[in-house]
Amino acid sequence: MAPLQHADQLLQWAEQQQLSPKQLQQAAGQYPLQPTTAEWLVLANRILLFAATLLLGCAVIFFFAYNWPLLHHLAKLGLAGTAVLLSGVTALLCPANSLPRRAAIFACAILTGALLALIGQTYQTGADIWQLFAGWAALITPLVLLSKSRASYLLWFFIIELALWRYLDTRSRFWLLDSAEKLALFSLLNLLLLLFAEFALQRLGVRQHKPLCWLAALALLLPLSIGAIIGTWEAEYHFNLISYIILAGLMALWYFRWQRDLLIFALVLFSAIAVSTVLLARLLEGADGFFLFNLLALYVIASSAGATIWLKKLLQESRHGA
């Protein structure tokens, strides 16, 4: 257990009066109750390094955007290529698995997208935007695997999401909501990303991969829940409703019973409340409006309160068992 987790556990025990002030003071001699200056500096350096890398990549992109009419096309390509090359050389010169190396690879991944956009704009390749994002994701895949960095994987996930979204959006009249198949495809992609984040990231050397799992789970539940809600009213979306019931049930079982993750379980639980509320409204469609409105409000309040109390109890149990 990390020192900060030890401190958090000790403070919780003291708050629950399981430790006296004297016992807490004795325990604080072995486990500091507050982060040390060195720990704050490590966190600050990490945040500042990746913020500087992100801002530097954005600065290169905005430099080309602002000076576009003034630069020769060879100068544009030369500058962009040099930026990619410099970030790549910096990554090679840094120690393996070091923070500067991960930041340099992250910068190289961002600048690769800028170079692709520059090539497309200069030579007017006629490619759709989704093809730019798909090519970008494919080109930086080796960099992402090499980086073992959550920031690089987050960028990679985001680009893949954008590629599919732009591909489906070119064939959509109202975002992705006009077709059950498009919502299902978007859900399938996010399911694959969640499985990858859950089962592959640690084997690929990514430490503390859970934040990526949380984001992937949220990205999966959004289109699943939207499709299920529409599926309660439209026959075309019944497949989405059935898919939601199956996948949400499996996620709840996995993250509650087999690999406890209360955050993802809470997302599933509250999405189930939203979908079940719409199902209840569909079943009572012919009821009096005033009665239906109050019944649904009572159901939402009661189910949300019950879920919150249960989740809080589960959280306390998990902390006691830690």
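Heads up, the Cβ atoms here are built off N, Cα and C, so glycines get one too.
In TrEMBL this protein carries:
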DOMAIN    12-151  domain 'DUF2157'
TRANSMEM  47-68  transmembrane segment
TRANSMEM  74-96  transmembrane segment
TRANSMEM  103-123  transmembrane segment
TRANSMEM  129-146  transmembrane segment
TRANSMEM  153-168  transmembrane segment
TRANSMEM  183-201  transmembrane segment
TRANSMEM  213-231  transmembrane segment
TRANSMEM  237-256  transmembrane segment
TRANSMEM  263-284  transmembrane segment
TRANSMEM  290-311  transmembrane segment
Original post:
Relative to the transmembrane segment (129-146), which of 47-68, 74-96, 103-123, 153-168, 290-311 accounts for the most Cβ pairs at distances under 8 Å?
Top reply: 153-168
Original post:
Near the transmembrane segment (153-168), which residues from the same chain, at least 6 beyond its ends, have a CB less than 8 A from one of its CBs?
Top reply: 106, 109-110, 113, 128-130, 133-134, 136-137, 140-141, 144, 147, 176, 182, 185-186, 189-190, 193, 197, 201, 206, 212, 215-216, 219
Original post:
Relative to the transmembrane segment (263-284), which of 74-96, 103-123, 183-201, 213-231, 290-311 accounts for the most Cβ pairs at distances under 8 Å?
Top reply: 290-311
**OP:** With a Cβ cut-off under 8 Å, give me the same-chain residues at least six positions beyond the ends of the transmembrane segment (103-123) that come close to it.
**Re:** 49-50, 52-54, 56-58, 60-61, 64, 73, 76-77, 80-81, 83-84, 87-88, 90-91, 94, 132, 135-136, 139-140, 143-144, 146-147, 149, 151-152, 155-156, 159
Original post:
When you check the transmembrane segment (183-201) against the transmembrane segment (74-96), do you get at least 3 Cβ pairs under 8 Å, counting only pairs 6 or more apart in sequence?
Top reply: no
